[in-house]
Amino acid sequence: MLPFATIPATERNSAAQHQDPSPMSQPFDLPALASSLADKSPQDILKAAFEHFGDELWISFSGAEDVVLVDMAWKLNRNVKVFSLDTGRLHPETYRFIDQVREHYGIAIDVLSPDPRLLEPLVKEKGLFSFYRDGHGECCGIRKIEPLKRKLAGVRAWATGQRRDQSPGTRSQVAVLEIDGAFSTPEKPLYKFNPLSSMTSEEVWGYIRMLELPYNSLHERGYISIGCEPCTRPVLPNQHEREGRWWWEEATHKECGLHAGNLISKA
């Protein structure tokens, strides 16, 4: 089982008080660092990320189980920077949960929104549910990928809550550290940390319950993988969590594009 022991309060306070808030961006050997972190705890991976990037590291929060990532990062750096995507189609419970997390940790969450100049023509021409007919790619491209691309254009490193057990078809090879193949450019590499990659759903929920973290109330109604309201449904017993997303499409295509590298690497 992956170690994710709780950091004692005295150590958490010390880490928070001594965290250097200035950007560090220290050069490093990517393969060597990735290899050294491969078997480390999520906290150790995040600590290394902060050591190399300081406040240039952004945490991605989806409004679901990745509250664990926010919690771990906040305990290492109280000045942690967090962003979340508001597609305009999230569940009411998710909006409430994002507010809960903001208040619980006393942090600002940078909420990213779609560009209305792109969104309005799509809705006007195809309506609000074109993804059931045309696939989710176009809608996700406007509501998720474009806002994220705008955000990451000014970011040197980010951390996600991706886990290998979330999708055997697309996430089974998620590395703890990689160059983001979807959003890097030749001039500007983007470093992507996945500290929770080796954690299982059971371990994530053990952490949430042990520390009594806030969580999305949709989880109490059978939702596991939570996205936009029209594209998410509860899963049945013995179904994989990803079967609750875009259920009308092939399993191998169940990535919205935020982690397109998972698909690119399999091409």
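First residue shown is number 1, and so on along the chain.
Using the three backbone atoms N, Cα and C, a Cβ is placed for every residue, glycine included.
Predicted, not measured: the structure shown is a model, and the values here were computed from it.
What Swiss-Prot records for CYS256 is active site, nucleophile.
Long-range Cβ contacts of GLY161 (adenosine 5'-phosphosulfate binding site) within its own chain (separation 6+, distance under 8 Å): SER60, PHE61, SER62, ALA64, GLU65, ASP66, VAL68, LEU69, ASN194, LEU196. The adenosine 5'-phosphosulfate binding site feature in Swiss-Prot is assigned to SER60, LEU85, LYS144, GLY161, ARG242, GLU243, GLY244, ARG245; the stated evidence is experimental evidence.
Annotation comment: Swiss-Prot describes CYS139, CYS140, CYS228, CYS231 as [4Fe-4S] cluster binding site. Packing around CYS231 ([4Fe-4S] cluster binding site) is summarised by its Cβ count: 22 other Cβ atoms lie within 10 angstroms of its Cβ, all protein chains included.
Classification of CYS140 ([4Fe-4S] cluster binding site) by DSSP places it within a helix. Annotated disulfide bond per Swiss-Prot: CYS140-CYS256, in sequence order, evidence recorded as a curator's inference.
The region 'Disordered' feature in Swiss-Prot is assigned to 1-25.
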Statement: Taking only the CA atoms, the spacing between CYS139 ([4Fe-4S] cluster binding site) and LEU85 (adenosine 5'-phosphosulfate binding site), expressed in whole angstrom, is 14
Task: Rounded to the nearest Å, what's the C-alpha distance separating LEU85 (adenosine 5'-phosphosulfate binding site) and CYS231 ([4Fe-4S] cluster binding site)? Just drop the number here, would you?
output: 15
